[in-house]
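Pulled from Swiss-Prot:
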- Glu183: active site (ACT_SITE)
- Glu192: active site (ACT_SITE)
- 61-388: domain 'SAM-dependent MTase PRMT-type 1' (DOMAIN)
- 395-721: domain 'SAM-dependent MTase PRMT-type 2' (DOMAIN)
Amino acid sequence: MSPLSSLPPKTFISSFHCHSVTRLRRSVTARTMSSQSSQRVFQLRQDPLTGNSEWIVIEDNDQPGTSTDGLLATTSYLDMLNDSRRNIAYRLAIEKTITEPCHVLDIGAGTGLLSMMAVRAMRGDSKGMVTACESYLPMVKLMRKVMHKNGMTKNINLINKRSDELKVGSEDIASRADVLVSEILDSELLGEGLIPSLQHAHDMLLVDNPKTVPYRATTYCQLVESTFLCNLQDLRNNEAKTSDGVRLVPPGLESLFGIKSQQYSMHVDAIEKEIKLLSEPVKIFEFDFWKRPESNGELDVHIEAKTTGSVHAIISWWVLQLDSEGTIFYSTAPRWIDSNSEIGVRDWCDHWKQCVWFTPGTGVSISKGEKVHLHASHTCTNILYNLKKTQSLTHERTHFPLSTGDLHLTLPPERVAIYGDSIYRQSLFEATRKALQGKSYPQCLVIDDSLLLPLMALHISNRSRVLSLSPGLQENAARYFEAIADSNGFSKDRFEYFRDGKTNLAKAYPGKIDLLIGEPYYSGLENGLPWQNLRFWKDRTLLDSVLSEDAVVMPYKGVLRGCAMYLPDLWKSRCCLGSVEGFDHTLVNTTLGGCGDLPSGKDSPCLPFFIWQCGETKILSKEFTVMEFDFSKPITGPCSGEVQIEFIKPGVCHGIALWMDWVMDEENSTVISTGPDDKYWKQGVKLLGKPVTVRMEGPSSSIGIQASLDLSSNSELIVTHTIS
């Protein structure tokens, strides 16, 4: 694991500044306590239905109740180990690099695949040794089992520490290592702490001029035009086209609101038809693993446009050279690049994607043959861009001067696009207007992190008063609404951010709330499963006492919907493992959440994905309703539902896509769907244990879906299926 990492390994979350980031689906914090006999980790886990956090205990030994299955089942380890192209490249490079007994260091060892490859390359010679460090205790426990299964326990010294905690000459590592093997890479390349890890290793853990696998990484970028990508950040211009009269980004206050200036991982192959290439690929940075890297770097390059257009985004990727001779490569480039290269096109995988850097506003207009100036820089964890038409050089990142102190409210790109979508806004506006009808002096309570609904309620009724809980955005939301009040034509005394919690709210406003509303949207749950936004119902239940007799709750109900899908790429990336480059990995399947040949009684979890980014996909059935949740009433107990799938197309069914439809009013006149037809929402995916062949004629398998959800205890949706 990289030295700066305080999080478990292999996450899917975006990069943060100042520390390394790993690849779990949700960010967690872990604290370690150890003794001579065992080790114990306290890991912070958040309940998405309440926002509350609790410490859970992970024991070094496998005592009942301390299973790590749930902690690793949502990680990308399985996807990575199913990436055969990556596995083969590492095997070939390790066999080519390690030709005699030596001391090998594996940083961020995971299941131990690279360590075992190194042992095999030394042919089990007792003069050779492998030191493997892995900081996350659940993964350490799993690696021990894999090592034992493959007879490698005596050949690998596994240490449950970060690499920067190792000291040469101690019981951890007797001497400096001759060879470094590692895979501390994310989609951006640097986000898992590659640079600080290499710096510490070269300073403290490796011999001079060591051998390394990989040998070098090179980043590339390409200028593109894409209306879809532009919509993910340009709220100001999209909002100007709407007719609701509400302005999230009023003129002159653009600095208040936007996305973070960072790289965003994305499968750009899925939108290839929506992308216009404006330049040839450009080489940006080289990082040599075999020597100590610098913490920061800069590059200025002039890029010639090969066609006329507007630069809406910069797409980036990297290429690994795994051996020193330059014969073994691995690339994360888009298919339109690799299809024309010697490296070739890799199979779809989710653990490494391309990255997108957004150009602010409407982009940079360029003409064919014109050159634009790109300033690229990197920190220890990020690669940054600044694109200009002028030839004047600047080493500053693009930003708007803040006009209201340091306030800058940041939202994910998909949320920015949703707020700029005229259809979504019109639906929300009409639903809010309808909910306010007949109420003279309405007291409105917005219980989620919506930015649109408070403004719409204030705009539609000039006698309304709005309370907002903003549980995720908190004080920043309050400051934001205060800053845009004048531009939206309401006095600040009509809006209140209630900061004293739901319990005190119930005491302060008993029976006084006429309208309880939400989109629902909770900051921090964007990468979660769709039904986790049923936190709205949980909060509504807790606040039942504040509602007046004729209070309106919006949305009126939530509907869990689904459809059967052909998902060959996703299923292949999450299927159970057998032999990985000659090493038995069958025992990791349950722990890592595999689908396929799991033991009886075990099942793979529901995972959140943008369906449109999941490689080849096809909808095979009619959409169906699994469960309905009536928000007009408090939660009274567990919910359940079952449905028989009605197929409309032949094919192979790999899984079920699940999402929420929000019915905004009792008459069902306004329904906001988060299904796979829209690219701005993630869906939940439940992969089948075995793919099912569907025929339209003759005998064919039938699939029944059963689901249950107990919101009084947790947000885990239990989905099972029967095949007949």
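For all residues, glycine too, the Cβ spot is worked out from N, Cα and C.
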(request) Going by DSSP, give the three-state secondary structure for Glu183 (active site). (result) coil
(message) Looking at the domain 'SAM-dependent MTase PRMT-type 1' (61-388) alone, can you tell me the average pLDDT?
(response) 95
(message) Please identify, from the active-site residues Glu183, Glu192, the residue with the sparsest Cβ neighbourhood, meaning fewest other Cβ atoms within 10 angstroms.
(response) Glu183
(message) If I take the alpha carbons of Glu192 (active site) and Glu183 (active site), what is the distance between them in whole Å?
(response) 9
(request) Name the secondary structure element type, per DSSP in three states, that contains Glu192 (active site). (result) coil
